[in-house]
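J.: I grabbed these lines from TrEMBL:
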type: TRANSMEM; residues: 75-100; note: transmembrane segment
type: TRANSMEM; residues: 121-141; note: transmembrane segment
type: TRANSMEM; residues: 177-201; note: transmembrane segment
type: TRANSMEM; residues: 254-278; note: transmembrane segment
type: TRANSMEM; residues: 290-307; note: transmembrane segment
type: TRANSMEM; residues: 363-383; note: transmembrane segment
type: TRANSMEM; residues: 390-409; note: transmembrane segment
type: TRANSMEM; residues: 437-462; note: transmembrane segment
type: DOMAIN; residues: 522-586; note: domain 'CBS'
type: DOMAIN; residues: 619-677; note: domain 'CBS'
Amino acid sequence: LFPGTLAGVIDLAVDWMTDLKEGVCLSAFWYSHEQCCWTSNETTFDDRDKCPQWQKWSELLVSQSEGASAYILNYFLYIMWALCFAFLAVSLVRVFAPYACGSGIPEIKTILSGFIIRGYLGKWTLLIKTVTLVLVVSSGLSLGKEGPLVHVACCCGNFFSSLFSKYSKNEGKRREVLSAAAAAGVSVAFGAPIGGVLFSLEEVSYYFPLKTLWRSFFAALVAAFTLRSINPFGNSRLVLFYVEYHTPWYMAELFPFILLGVFGGLWGTLFIRCNIAWCRRRKTTRLGKYPVLEVIVITAITAIIAYPNPYTRRSTSELISELFNDCGALESSQLCDYVNDPNMTRPVDDIPDRPAGPGVYTAMWQLALALVFKIVITIFTFGMKIPSGLFIPSMAVGAMAGRMVGIGVEQLAYHHHDWIIFRNWCRPGADCVTPGLYAMVGAAACLGGVTRMTVSLVVIMFELTGGLEYIVPLMAAAVTSKWVADAFGKEGIYEAHIHLNGYPFLDVKDEFTHRTLATDVMRPRRGEAPLSVLTQDSMTVEDVETLIKETDYNGFPVVVSKDSERLIGFAQRRELILAIKNARQRQDGVVSNSIVYFTEDPPELPPNSPHPLKLRRILNLSPFTVTDHTPMETVVDIFRKLGLRQCLVTRSGRLLGIITKKDVLRHMAQMANQDPESIMFN
């Protein structure tokens, strides 16, 4: 319910604030351009965008709507509003919630794999991310709200988990809730409940049991239903770019579809390489010290270049919506400026292919320029210190390329319908090629090239379009783009960012086939200091506090004694600190030389000795253990499937060492002939 409501509020706010950059509604300033003209009685069908209640800034301030001075004033105010929104967003993120930046999907993948990033799913992050998401999308930057909506949904999931002890106490159960929350996030982002569940399964989740599947589906369904009842776009749909096509596709069209797949794979590779290089530069040079300045500069460049071109000036969702649209008889878009046959007496629905008019040629030029601009600017935008999603810009790049290819094929079929490839299915006067379908296929190909999604991508795309018969073109494009992109490098953009940030993430898709044993990987190695351990009944409170102060380990194995080294359990550092602090405050007689007992019944003490501290309750009596001869292949599998952070190595009950997730990752790097120390962990 909560992510659905937030998504509806975000959509409505973005709609209003995007239009605010161009003008204001006089009858009610909280109306967007479209809502303002809906309520007007003086709107005609031809000029549906013009109504007296909606005034551009130049009309309001200097009473001029045309001319150079009006254009310059509108241009200047457009840039000012964009800078104002972006500055506000980056300042809020920087001051209140540094974790609210980026898309959030790489971090959520890492959290679901068993790593803990404290505060990443906190209440402040949720609040600031929701507010700043509206600001950055309205500022016209080349980013989307879809990825951050997954983060927002996971913050909601984490917040509700913390209210119930069943989930707050159990990390595994909490992760299942987060998997379902990720599904709900994609469900409201694209209006695709099934696509959301598959996205969570394919991209985000680590461990996805069957019961989580139907719970995720239920969560996604409720989220989509909530958004539908808010109806933010007024078209009874969950997304702005919902389309329905009426013409079937033909086998000969698979060739351009596959070409779009190749384009998507190449763009994905180019984007990942350039974006990671730029983000690495940001991390290692002085550029990273000025996040606010960077956002301001990129926003200024985006606004200055975007305003003159009508396709980059509007919001990216509206652009995709127009590119996906089929040209009906009522369309007023430039892309639909075809030369009509005066003798045409056909039903309105099925308009035959026509020669392109001057508007289409102008639109092709503007789209080509917009495509180059989008490709370049998105590389620099993704990864700045503001919430930024990647789905919408990638889809826009693909949709622009696809629409241009579609118009090209359509004109080719119209002028050369006697060619052998067109002769079978494209008679003169028939409606054979749908350019909007090419835009949709291109969008799927580019999104697949960047994220390497396949199944969930195709499902999301056909849920968006409601067209089941276009599954084959979408699959052809998605699979081609994945193959082409995989030929240059196996990592998608999220895995690349996980590696760049040095998160300890074991990818489920990687194979581990080397024949090493646990004893080769465990610490301590020969010549290293022995393992820091606690004993069950011979250490004082002061000894434990000294051990905690001198080391920064997450937890300590508990053994019977330093000589026998028989393992009893594992104590978490955090719980030890809390238990000692509480004991000193509440229990009388617990002092520095009190003995700490991890046994069930501490022995009788002499009358004048200090009060003992019993810590049996915080001891994990069943830590994960493997023997020193366990193959590393099995150990890696255990770490992956259970999302472990560490695993103890024993031989016939005696503690030998410990393997952490970071040791496993270093070992895997070593086996792949990389330098194990080059894997940085933040």
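The backbone N, Cα and C atoms fix where each Cβ goes, glycine too.
Note that this is a predicted model, so its numbers are computed, not measured.
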J.: With CB pairs under 8 Å as the measure, which of the listed stretches 177-201, 290-307, 363-383, 390-409, 437-462 comes out on top against the transmembrane segment (75-100)?
T.: 290-307
J.: What else in the chain is close to the transmembrane segment (254-278), if you only count residues 6 or more beyond its ends and a Cβ gap under 8 Å?
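T.: Distant Cβ neighbours of the transmembrane segment (254-278) are 375, 378-380, 382-383, 394, 397-398, 401-402, 405-406, 409, 438, 441-442, 444-452, 472-473, 476-489, 491-493, 496-497, 500.
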J.: Are the transmembrane segment (290-307) and the transmembrane segment (121-141) near each other by the rule of at least 3 C-beta pairs under 8 angstroms (pairs 6 or more apart)?
T.: yes
J.: Quick test of the contact rule: Cβ under 8 Å, at least six residues beyond the ends. What residues does that give for the transmembrane segment (363-383)?
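T.: Cβ under 8 Å, 6 or more out: 102-103, 141-143, 267, 270-271, 274-275, 278-279, 282, 298, 301-302, 305-306, 309-312, 319, 333-335, 337, 390, 393-394, 396-397, 400-401, 403-404, 407, 493, 497.
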J.: How does the domain 'CBS' (619-677) divide up by DSSP, counting helix, then strand, then coil residues?
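T.: Summed over the domain 'CBS' (619-677), the classes give 24 helix, 19 strand, 16 coil.
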J.: Over the span of the domain 'CBS' (522-586), how high is the average pLDDT in this prediction?
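T.: Over the domain 'CBS' (522-586), the predicted model scores a mean pLDDT of 90.
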